[in-house]
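Report on one structure; see the data block that follows.
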Amino acid sequence: MFLLHTMIRVGDLDKSLQFYCDILGMNLLRKKDYPSGEFTLAFVGYGKESENAVIELTHNWGTDKYDLGNGFGHIALGVEDIYSTCDKIRDKGGKVVREPGPMKHGTTVIAFVEDPDGYKIELIQTSSKKD
């Protein structure tokens, strides 16, 4: 058994693709419209679906906003240089909602960014580099 993907519903697929692909550097792996169901699925990730878990972006036509609730926490991404990554995200128009620094009660360096729908993306420093 292995993880294939996680699905999130998005209100504006173009904005979400711009965020995940242009700002976070993922690739659009595949995209398909389902006219009879009035939805579009787009899969994004950093590598082939056969070798990596990916994110499924589901856009239900005619729905532009979702209640994110309080059950879902975040998606986590490992980065080598969290400080420059946050700078690049900001430069491309992304929203850093928690600046890089040690996590509470620990030493792991983390930051949080937010996608166009308000989903939180945690960035975790994977190397020992700290500014």
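All residue numbers here begin at 1 and follow the chain in the order shown.
The backbone N, Cα and C atoms fix where each Cβ goes, glycine too.
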Of Glu114, Glu122, residue recorded by Swiss-Prot at the Ni(2+) site of His5, Glu56, His74: Glu122
Rounded to the nearest Å - Cα separation of Glu56 (Ni(2+) binding site) and Arg9 (substrate binding site): 8
For His74 (Ni(2+) binding site): DSSP state (helix, strand, coil): coil
